[in-house]
Amino acid sequence: MFLLQLVFPKWRMLVDSLLLFHIFEIVSGQIRYSVPEEMKRGSLIGNVAQDLGLDIKRLLSGRARIVTGENLQYTELKTDKGILIVNQRIDREQLCGEVTPCSFSFEIILENPVELHHITIEVLDVNDHPPLFKKSQIMLEISESANLGARFVLDSAEDPDVGTNGLQNYVLSSNDNFILKQHLNPDGSKYAEMILQKQLDREKIPSLSLKLIAVDGGNPQRSGTVNINIFVLDANDNAPVFNQSVYKATVVENAAKGTSIITVNATDDDSGANGYIAYSISNTKSNTADLLSIDPASGTLFVAGAIDFEKDKKIELRIDARDQGGLSDSSKVVIDVIDVNDNAPVINVMSFTSPVSEDSRIGTTIGIINIKDLDSGDNGQVLCQVEPNAPFKVKSSLRNYYTLVTDTTLDRESVPEYNITVVARDAGIPPLSTKMTFHLKVSDVNDNAPVFSLAVYNAFITENNSPGASILGVKARDSDENQNARVSYILVDSNLDEAPLSNFISINADSGTIHALRSFDYEQIKELVFTVKAQDGGSPPLSSNVSVKLLIQDQNDNPPQVLYPVQTGGSMVAEMVPRSADVGYLVTKVVAVDVDSGQNAWLSYKLQKATDRALFEVGLQNGEIRTIRQVSDKDAVKQRLSVIVEDNGQPSRSATVIVNVAVADSFPEVLSEFTDFAHDKEYNDNLTFYLVLALAVVSFLFITCLVVIISVKIYRWRQSRILYHSSLPVIPYYPPRYSDTLGTGTLQHVYNYEVCRTTDSRKSDCKFGRAASQNVLIMDPSSTGTMQRIQSEKSILDEPDSPLEVS
């Protein structure tokens with residue numbers, strides 16, 4: 001049956017409770033069990049859960065485990081049953097030696113919250129060892145002259161068992177000369193002496209053979225035997241005598257071999273060989289004989305092995321002094337071992353948590369460690385701390401137990417992992433220390449929004465682009481990791497000319513590449529300003545915005561448009577130049593615009609064809625048609641100019657305008673010329689048409705063409721009669737604010753016109769233009785007798801919307 005004792009000293013409970021309440025609120029308890037040694041593995045020791053008042057679920061959730069700090073695990077905790085069992089064979093003699101009572105201790109630790117329970121196991125001795133003598137025989141030489149009552153110390157037997165199971169008694173085989181007397185050492189061990197009670201006679205009995213039996217008190221009883229062989233010598237009347245019954249000395253642990261400890265001294269009153277004394281160590285434990293040696297002649301005790309304070313704090317042994325005649329005396333030597341700081345602290349990790357979240361509060365526990373130092377006194381006092389410049393510190397919760405906690409706020413983006421070095425240093429001189437490094441990773445939380453590489457993005461795209469063309473890529477980075485750093489790009493929708501922005505552009509959510517969904521026209525849209533949002537994949541997600549400005553670049557996709565002179569299909573406009581015009585006379589001005597921009601809208605004017613190239617020139621930049629020589633009477637009345645207008649794009653685009661100029665001093669002078677010109681042109685055109693058609697078809701088709709020609713003639717004659725009776729003037733169109741290629745912006749000249757037309761009698765007077773006026777002759781080719789003259793004073797630049805003045 002096992003012995004169960006619950007030990008809760010009131011004073012210790014009070015101190016531990018107050019300490020733990022203010023530090024970590026750790027629950028502490030103590031249990032003591034008693035078990036016999038040599039129990040089989042798996043044998044039940046006790047019900048820990050019941051004895052500590054703990055629930056099985058608490059043992060499982062708290063990850064209950066045994067902490068010993070030793071290599072051997074004699075016990076095992078079954079957390080699912082709450083019981084303590086034997087994990088391996090317990091040998092009391094190996095565990096404690098002669099120390100009694102024998103026990104070992106360990107802690108049961110639980111987490112969340114931390115609980116620490118002290119368990120003490122007392123190992124009870126069983127009689128599993130018999131008393132044993134180190135030697136199989138004891139050899140004694142005793143002089144026949146030995147006095148009655150002479151004492152002869154015998155070798156002691158050793159029994160590892162303790163208590164009643166240990167050595168209890170010595171028994172000497174029956175004989176006539178000696179009796180046995182037992183003695184008790186200060187440490188409780190027994191030794192025996194033979195006392196001479198009858199004088200020896202070497203001539204009668206030269207030798208004796210006896211048996212010494214050592215008996216323990218176990219049940220069943222065990223014993224050990226050694227043979228005592230006694231050789232009787234000639235007379236040696238005096239035995240050696242020590243000058244001290246007990247010698248005391250000290251030795252420092254780890255002393256070098258050969259170090260002198262103490263010198264014992266014994267004297268013998270005999271002379272000669274009978275007075276020569278030899279010293280020897282006797283009646284010692286097995287391990288002591290390996291640690292010490294003695295000089296037989298001088299009696300000096302030396303260090304022979306490694307002396308360890310942690311194993312033997314005190315060494316006791318007996319020294320024999322024996323003369324040549326076989327007489328001897330013994331004395332006791334007690335040696336105190338002095339501790340030195342030869343053991344560094346030992347760090348044992350109870351628990352360690354990694355990774356830890358970067359948003360953990362200050363003071364979060366990340367590990368529990370246990371530190372022990374086998375030295376004593378100041379050499380065993382330990383100071384534990386974390387190496388500087390680390391955001392962690394250690395706190396002491398219980399004796400030899402420390403918790404590793406955070407000391408500042410963690411930031412994974414700054415430091416994603418730490419190597420925490422814990423230093424345990426004792427108070428010895430010189431101090432010894434131990435370091436242990438913990439590798440701690442910091443887990444990420446979504447605490448950083450994506451950040452764009454630029455504050456504002458500017459992009460350019462040429463108009464008439466292909467739909468789906470890539471414009472640019474925006475890029476945002478998130479200093480978080482994994483899902484928290486996965487950035488998605490979203491187009492913040494808005495309206496452009498009352499149409500959703502998503503009709504014009506799109507963005508790739510993963511890459512941030514912006515694409516055009518349609519072809520842009522610079523003349524309609526010159527720029528787009530929109531917002532792109534970058535959003536991470538955290539929960540909740542974080543985002544940031546950036547402004548993107550998309551500029552449409554112009555292409556030379558529009559030819560110049562001629563605003564003046566107006567090209568009409570029904571009537572012919574002619575500019576009149578008097579024959580008295582000087583060199584540089586301004587005939588008219590070609591006005592054109594280009595809806596493109598930049599150099600694509602820079603216009604230049606060139607004279608492509610002319611009836612007389614030596615008479616007129618066109619201003620390259622302003623489009624003004626001027627005379628380059630004096631007009632003569634030999635110059636033809638009808639002058640036809642072809643002016644080409646080109647822009648500065650690559651490649652350039654152009655437009656052509658026909659300008660008719662009449663060289664005459666009066667309108668009647670040119671009336672017949674322009675009428676014939678119109679009829680001749682019409683006739684030649686029709687003739688060409690007829691000839692081509694006649695060559696292509698047969699005579700039947702030729703007759704059909706004649707019918708069509710006659711019908712056309714009749715139709716035109718009727719139209720001419722209608723116009724002949726009409727009183728409406730033909731007025732040219734003047735667009736407002738013409739663009740000037742020289743950058744002046746609009747046509748800056750003022751043109752004055754007078755309108756004259758014939759009446760039904762064709763006898764209307766012609767009014768000539770006033771000084772600094774321009775004369776325009778408008779002829780209808782289908783009206784042979786009608787001439788219209790328009791005079792208008794108007795500033796095209798200043799009054800674009802006022803009606804033309806007609807007289």
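Glycine is treated like the rest: Cβ placed from N, Cα and C.
TrEMBL annotations:
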SIGNAL    1-29  signal peptide
DOMAIN    77-133  domain 'Cadherin'
DOMAIN    134-242  domain 'Cadherin'
DOMAIN    243-347  domain 'Cadherin'
DOMAIN    348-452  domain 'Cadherin'
DOMAIN    453-562  domain 'Cadherin'
DOMAIN    577-674  domain 'Cadherin'
TRANSMEM  687-712  transmembrane segment
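Across the domain 'Cadherin' (577-674), the prediction's mean pLDDT works out to 84. Applying DSSP to the domain 'Cadherin' (134-242) sorts its residues as follows: 3 helix, 55 strand, 51 coil.
When the domain 'Cadherin' (243-347) is classified with DSSP, helix, strand and coil residues number 10 helix, 49 strand, 46 coil.
Helix, strand and coil counts from DSSP across the domain 'Cadherin' (348-452) read 4 helix, 56 strand, 45 coil.
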